[in-house]
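These notes concern the structure reproduced below.
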Amino acid sequence: MNPADHPSVYVAGYLALYGADESDELNIDRKDIRAAIPTPAPLPINIDHRRDCTVGAVLALIDDEHGLFFLGKINCPVMVRTLETAASQEIFSELDNLKPDDKLLYIITNYLPSVSLSSRRLAPGETADETFLAHVALCLLGKRIGTIVTYDLTPEEAIEPFRKLSPNSKATLLSQGKETERLLGEMVWYPSKNAITKALLGTAVNNMLLRDRWQIISERRRMAGITGQKYLQASSFTALTDSMTSNNVSVTHPICENANPGNIQKDEEMQVCISPAQTSETLNAGVLSGCNDFHRLPHSDPASTSDQTNLQSLIEPSMNTQSSRPPGDDFIWVPIKSYNQLVSRNASQPTNIPDIAITSNQPPFIPPALMNTSISGQHSIPSGYAQYGYPTPVGTHNSLLPLGPVNQMGGFQYGPQVYPLSYGQSPLEAKLTALLECMTKEKRPVDEEHRGDDMHTTREERGRRGRKRPYEFDRSIESDLYYPGEFRRSNFSPPQASSMKYEETTGGRHDLSQTGPVLNSLMGAVTSLQKEVERLNGGNLPISNAQSSYGVPNGMHAPVYYSYPPPGTHPTVSWPMGVERPMPSTEGKTSTNSTVIPVPVSDPEAGRNVPITATISQERSDGIQKESIEQSRDTMNASAVAGIHRTSDAGVDVFINQMMAHQ
């Protein structure tokens, strides 16, 4: 590897700030520094205090009034090659025509932004000497406060960002650095590739869990008085891409427990957006506008000292003082440039909704107490206010609109309720208002129709009548749903006294003449189903010539089966028609406690209603229920398999009860 392909990199910064560290172990007395410098030989520069990874040497050490400052030189092609190959070129995709040297400075500045001084431990009562300082290590974050370094290609540019450094100190550094560099010559450091790789990887691994490291670096950079640094990502001038600018963190003022407020240097290059009231003459060259991220601050000269003082007096009280930092972590510092852009962008956007209270010429609305009775028709009130249910039309802000009728007493029909509405309704609000108005109009006729009705009486009357079923419950003309067996009158004539008396004695049952047609239709359907079941069983019932015990000729009876034949019985063997089937008894005797009820049935063949004989008793019904339960254990029942409660039995019971109630 040719060293000429990779030029030397100069590094500069404070190794320690006097009085900044409260820890006794990290705090260095100034008298010890004065006793230790100048060193007999240039101190080596390594990475993370690894002695086998030396990459440069210290050129100059000075005792500045703020702390120990150094200037060093790094000339290690192995480290440069490792960083260049490890870094992705996509980092610089947004930067055009960037030189390889600038890329190297970006990488090394952000990968090793801090420095750490290694010094010998002094025994109690021991004084420092020339062997007190051991070496200088490049690292991500040093333990001492304010130990942020800068990298550049020349010694002058490396020490330029340190504004706290006095001109005499800068001159001493440059002179000592040139002398040491002349003694070293073109010295190149070649650590092993394995050592440099472990050192660079260890820096990333050891600090990967460091929280808010860029914020800490930014604060320590300000403590060191670094302004206008070009390559450090934590500085305000670093901008690899628009999304990677550090303006959001660089404006954070240094707040640290161990920081000395007297040693904190205030930022002198705050970005200021020139307002129309300001001119280029009012802003000196000491303040950058923020448009050019790679320009440095010019050197301060005595001629412009008074102007810079006046300018700083305008900037520092509001933005650059430590006392202006809000308490807690709920606030952020925003650069003036970004803030002015937001304000100007917001001011340039026109508002879509005009302020009617400002643009309107009409007087403020005063609700009327009581209107004159001579006023008829509709009452006009200013737009923006409307009676409930009468929305204000959109787009008529400067006109008086008729809003709602009034009664003869001068007030509103629903009371003087006036509600302020918004200046303009959205489509959804307009639809809701229209729907509410339609519902109000439809409800009004219904209320007038039922006014005075029995269903709209007082609570006491409804409570007394609720104990009995009203004889005239169906008053509406709508076709309400009804269940089988219930009857609904087709006419709405007032009930007679005889019907009221009949209802009280029969418990609300209707007469047979009204329920007959419905029951005839239902019985015809049942008869058809019975005939279909008979056909599916495959057996023709034998016709008997015997007469029934009630004098009814044979052939006039409809077959009535109370249950299917039990298993094992021949399907053709059945009880003769017209003959009453004996009720099975547990004692082997035929039950005599039975009731014969003639029920009219529609005979499709005869075309007229004929009576059938149905013998029903309590013991027979109990026997049928037990027999059905025993059969359900041997047969497939869809409702039982489905696991749903059976409702067919309840329907049959209701049907039979309705039939028996109207006889």
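Cβ coordinates come from backbone N, Cα and C, glycine included.
The secondary structure of H49 (active site, charge relay system), as reduced to three states from DSSP, is coil rather than helix or strand. Cβ neighbour count for H49 (active site, charge relay system) (all protein chains, 10 Å cutoff from its Cβ): 15. Residues or ranges marked as active site, charge relay system by Swiss-Prot on the basis of sequence analysis: H49 (among others).
Swiss-Prot lists S116 (among others) with the feature active site, charge relay system. For the recorded site, S116 (active site, charge relay system), the DSSP three-state label reads strand. Of all the Cβ atoms in the protein chains shown, 19 others lie within 10 Å of the Cβ of S116 (active site, charge relay system).
According to Swiss-Prot, the feature active site, charge relay system maps to H135 (among others). A C-beta separation below 8 Å, combined with a sequence spacing of at least six in one chain, links H135 (active site, charge relay system) to L43, P44, I45, N46, H49, R51, S118. DSSP assigns H135 (active site, charge relay system) to a strand in the three-state reduction.
Annotated compositional bias 'Polar residues' per Swiss-Prot: 490-499 (among others), in sequence order.
According to Swiss-Prot, the feature compositional bias 'Basic and acidic residues' maps to 501-512.
Annotation comment: Swiss-Prot describes 587-596 (among others) as compositional bias 'Polar residues'.
Annotated region 'Interaction with pAP' per Swiss-Prot: 329-348, in sequence order. On the 0 to 100 pLDDT scale, the region 'Interaction with pAP' (329-348) averages 73 in the predicted structure.
Feature annotation from Swiss-Prot assigns region 'Disordered' to 444-471 (among others).
Among the features that Swiss-Prot reports, region 'Disordered' is placed at 486-512 (among others).
Per Swiss-Prot, region 'Disordered' is recorded for 583-608 (among others).
Sequence annotations record features per position, and here Swiss-Prot assigns region 'Interaction with major capsid protein' to 643-663 based on sequence analysis.
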